[in-house]
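Only one structure is covered here, and it is reproduced in the block below.
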């Protein structure tokens with residue numbers, strides 16, 4: 001598989017290392033955030049992997065879609081535009097797979113959280129909140145992974161209806177609000193936790209990333225899957241689609 005990387009930052013370099021270490025895959029081209037992106041630059045590619053920033057992705061995604069090459073996107077911060085972009089992908093007969101986090105471990109965390117949120121829903125004595133920690137260089141908060149985790153709770157526990165990112169001084173948290181707190185500290189790669197609490201006990205679910213290898217290898221595996229999927233059934237996909245296929249194999 002010939003891969004074009006869009007983004008040459010820390011994640012892009014990690015992905016390049018994994019691709020180059022593989023006998024089956026090769027880096028076809030690497031584009032920096034500042035490079036001009038047109039559909040033609042992707043000629044000869046079997047897959048595109050985008051790890052840039054929101055503004056760069058929004059400036060480039062139309063060219064990536066128009067190229068007809070399947071696109072794996074790890075850039076976060078554009079969730080509100082996802083329905084629109086998914087429509088554009090489907091209308092063009094192209095393929096795109098988006099995930100806020102490609103780590104297999106963190107996606108097991110999502111599925112465990114999903115089940116926990118569902119199980120405690122009938123029992124009002126259990127409350128739930130989320131927290132995330134990242135290095136001081138991470139600009140967005142909460143992280144895309146934390147937002148995905150929060151959505152899992154909202155989708156599976158009707159007692160929680162809205163996400164609260166920051167508490168206002170003097171205002172109490174309402175019972176239907178899900179607090180998602182953020183910490184920026186040192187060089188932390190990423191820690192995501194769900195805390196379920198009652199008067200009797202506390203349950204904690206935590207995923208801790210030790211390095212970027214899990215994210216990068218997951219993105220490459222997702223690109224391999226999407227390249228095959230594109231040939232049979234083009235469309236807009238998420239990590240859940242890939243994992244459902246992977247776990248059922």
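Just so you know, glycine gets a Cβ as well, placed from its N, Cα and C.
DSSP assigns residue 74 (NAD(+) binding site) to coil, not to a helix or a strand. Feature annotation from Swiss-Prot assigns NAD(+) binding site to 32, 74, 75, 76, 99, 100, 101, 102.
For 134, the entry in Swiss-Prot reads active site, proton donor/acceptor, with the evidence type sequence analysis. Listed in sequence order, the residues of the same chain lying 6 or more apart from residue 134 (active site, proton donor/acceptor) and placing their CB within less than 8 Å of its CB are 141, 143, 182, 183, 184, 185, 188, 189, 190, 191. Following the DSSP three-state reduction, the secondary structure of residue 134 (active site, proton donor/acceptor) is strand.
What Swiss-Prot records for 135, 144, 145 is (S)-2,3,4,5-tetrahydrodipicolinate binding site. For residue 135 ((S)-2,3,4,5-tetrahydrodipicolinate binding site), the number of other Cβ atoms no farther than 10 Å from its own Cβ, over all displayed protein chains, is 12.
For residue 138 (active site, proton donor), applying a Cβ distance below 8 Å and a minimum sequence separation of six or more within one chain yields 184. Look at Swiss-Prot and you will find 138 tagged as active site, proton donor, backed by sequence analysis.
Each of 76, 100, 101, 132, 134, 138, 140, 143, 146, 190 belongs to the same chain as 135, 144, 145, is absent from that list, and has a C-beta within 8 angstroms of the C-beta centroid marking the (S)-2,3,4,5-tetrahydrodipicolinate site. Taking the Cβ of residue 145 ((S)-2,3,4,5-tetrahydrodipicolinate binding site) as reference, residues of its chain lying under 8 Å away and at least six apart in sequence are, in sequence order, 100, 101, 106, 132, 190, 192. Cα-Cα distance from residue 32 (NAD(+) binding site) to residue 135 ((S)-2,3,4,5-tetrahydrodipicolinate binding site): 23 Å (rounded to the nearest whole number). Less than 8 angstroms from the CB of residue 102 (NAD(+) binding site) sit 74, 214, 215, 216, 217, 218, 219, 221, 222, 239, each of them six or more residues away in the same chain. Counting other C-beta atoms within 10 Å of each candidate's C-beta, the binding-site residues 74, 144 are led by 74. In the structure as shown, the Cβ atom of residue 100 (NAD(+) binding site) sits within 10 Å of 22 other Cβ atoms.
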